[in-house]
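Pulled from TrEMBL, these are the features on record:
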- 28-50: transmembrane segment (TRANSMEM)
- 57-80: transmembrane segment (TRANSMEM)
- 173-191: transmembrane segment (TRANSMEM)
- 197-220: transmembrane segment (TRANSMEM)
Amino acid sequence: MPDVREKTSDGGHADELSKLSKSRESDWPAVLFFIHIHLLSLYGFWLLFFEVKWMTVLLLVALTSFATLGVNVGAHRLWAHRTYTASKELRFVLMLMQTLVGQGSIYHWVQYHRLHHSLFNTDLDPYDHRKGFLYSHILTRLRKLSPYQERLKDQIDMSDIEKDSIVMFQKNFYWLLYGVLFLLLPLNAPLEYWNDSVLSAVFVIGILRYALVLHAAWLIESGFCIWGLKQGEKNPPDSNLVFFVNRSYWPHYHYLYPRDYKSGEYGTYDSGCSTAFIRVWAALGLAKDLQTTESSTIHEAMANAVKTKKPLRTCLDEAIKVQRLPEDHYLRRG
């Protein structure tokens, strides 16, 4: 599909795209659904501290961790950006873990995320970070895509995903898998194995868990507002945010070269559990073809961009094509 970002230099066309982006209707079922989920999760949060058994707490942590790993390492880094390739066994496990998120099938998640990348920094981006964190994280999910955005979404190349039998299996049987993996088994475990209450199962393992994993998954698109530096900005001493988060240009790098397996979802690079898991899987032979760049490659691309006046993204793509990485590069840090 054409890159909309290249067209917005024309002021008239930019105004047209802005109008198209605003023709989004409220999704009232989603509004009511998320209001209820968040209000009921508050009761689950209260139960977490005063009522539930410690085994239920451990189950909550485990399921939330598995789901977050499934969306970060599976849906995002493996399927959306092809930062590495995985064995059939690993892909099957990651598919099951992604189902625990309850955010739709891998196919549709990847389609929306690729749409986000293709429209990044334009008014048509459904998760436009320029409109602020509240919009990017929550408000946009309460509105339907505009008809024009729907057409752009349908133009996203999904041919690689359609060739993946495991992804298509999940897509075809998603609601069955969702019912068993997301609802039946997790809700039954506290009741069946350690005699916790129905309220604990429903409100902690059901609703509170869903709220937690949703926000963890939503941060993949909205986290740019938290961890990304604005153009010309450094860590600002006059912002209270500096005491809680480390802001950097790594989120910008992810949008320049999304195929780097080291790019973290939460503002990090070459660190975190997700990157560590990919390295372990590579060492075990379950993952291969890990994509990344060396610092010298980035420096070369930046110098070439200054010299030739080409876009940095183009120069980076050209430099990456000719770089030669050591076979064991995933065992090294930096």
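Cβ atoms here come from the backbone N, Cα and C positions, even for glycine.
What TrEMBL says about a protein is an automatic prediction, not a curated fact.
The list of residues near the transmembrane segment (197-220) in space but at least 6 beyond its ends in sequence, with Cβ under 8 angstroms from a Cβ of it, reads 37-38, 40-41, 43-45, 47-48, 51-53, 56, 59-60, 63-64, 67-68, 71-72, 76, 100-103, 113, 137-138, 141, 183, 186-191, 226, 265-266. Taking Cβ pairs closer than 8 Å, the transmembrane segment (28-50) reaches residues 57, 60, 138, 141-142, 199-200, 203-204, 206-208, 210-211, 214 in its own chain, all 6 or more past its ends.
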